[in-house]
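Colleague: Sending over a structure as structure tokens; questions will come in a sec.
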Amino acid sequence: MPRRTAIYPGSFDPLTNGHLAIIQRGLKVFDRLIVAVANNPQKSPLFTAEERKALISEAVGNDPRVEVDSFNALLVDYVRTKGVYTVIRGLRAVSDFEYEFQLANMNRKLLPEFEAVFVMTGEDYFFVSAQLVREVATFGGDVTGLVPPNVAQELRRKLGTPAHR
């Protein structure tokens with residue numbers, strides 16, 4: 001039986017527990033996941049692509065079923081390069097579905113082999129977004145439980161905020 005692989009793309013700036021939930025759910029369906037860190041030149045990320053890759057690898061415990069990579073191109077070009085045409089996208093709410101549905105259809109228009117698999121994050125993390133985590137952390141709020149411990153530690157280091165108890 002061939003190994004089933006999917007790509008899970010995102011900015012992961014920072015990686016949240018919602019992202020980890022999608023990775024864990026994805027591994028129930030696929031034998032292998034490529035977590036692909038997107039480099040968007042129009043954004044100013046808090047963490048570099050290399051930092052995000054390292055944080056993801058550490059958070060997944062260097063699981064051999066998870067490859068962490070990065071890309072600087074259209075998703076369809078990256079998918080074509082990897083030869084993996086199934087992409088996992090996490091959904092938190094109905095509003096996410098509308099955007100992801102449009103994106104999936106555009107990607108399918110650009111690359112007919114493209115397939116999107118939508119995965120729910122679950123009730124524990126449906127309200128968590130990387131943008132909200134960055135905002136809370138920037139103002140010294142406690143992000144414990146919203147991000148993996150290694151990410152919380154790195155956020156505190158990078159932003160110069162104290163650890164919460």
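Including glycine, each Cβ sits where the backbone N, Cα and C put it.
The annotation ATP binding site is assigned in Swiss-Prot to Ser11, Phe12, His19, Gly90, Leu91, Arg92, Glu100, Tyr125, Phe126, Phe127, Val128, Ser129, Ala130, Gln131 on the grounds of sequence analysis. Here Swiss-Prot flags Ser11, Lys43, Leu75, Arg89 as substrate binding site, drawing on sequence analysis. Under the heading site 'Transition state stabilizer', Swiss-Prot lists His19.
Help me picture these features in the structure, burial and contacts included.
Modeller: Long-range Cβ proximity for Leu91 (ATP binding site), meaning a same-chain Cβ under 8 A and a gap of 6 or more residues, is found for Phe97, Glu100, Phe118, Val119, Met120, Thr121. DSSP gives Leu91 (ATP binding site) a strand state.
A 10 Å cutoff on Cβ-Cβ distances gives Leu75 (substrate binding site) a total of 19 other Cβ atoms nearby, all chains included.
Annotation for His19 (ATP binding site): spatial neighbours Gly10, Phe12, Gly90, Ala130, criterion Cβ-Cβ under 8 Å with sequence separation of six or more.
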Colleague: Going by C-alpha positions, which of the binding-site residues (Ser11, Phe126, Val128) is nearest Leu75 (substrate binding site)?
Modeller: Ser11
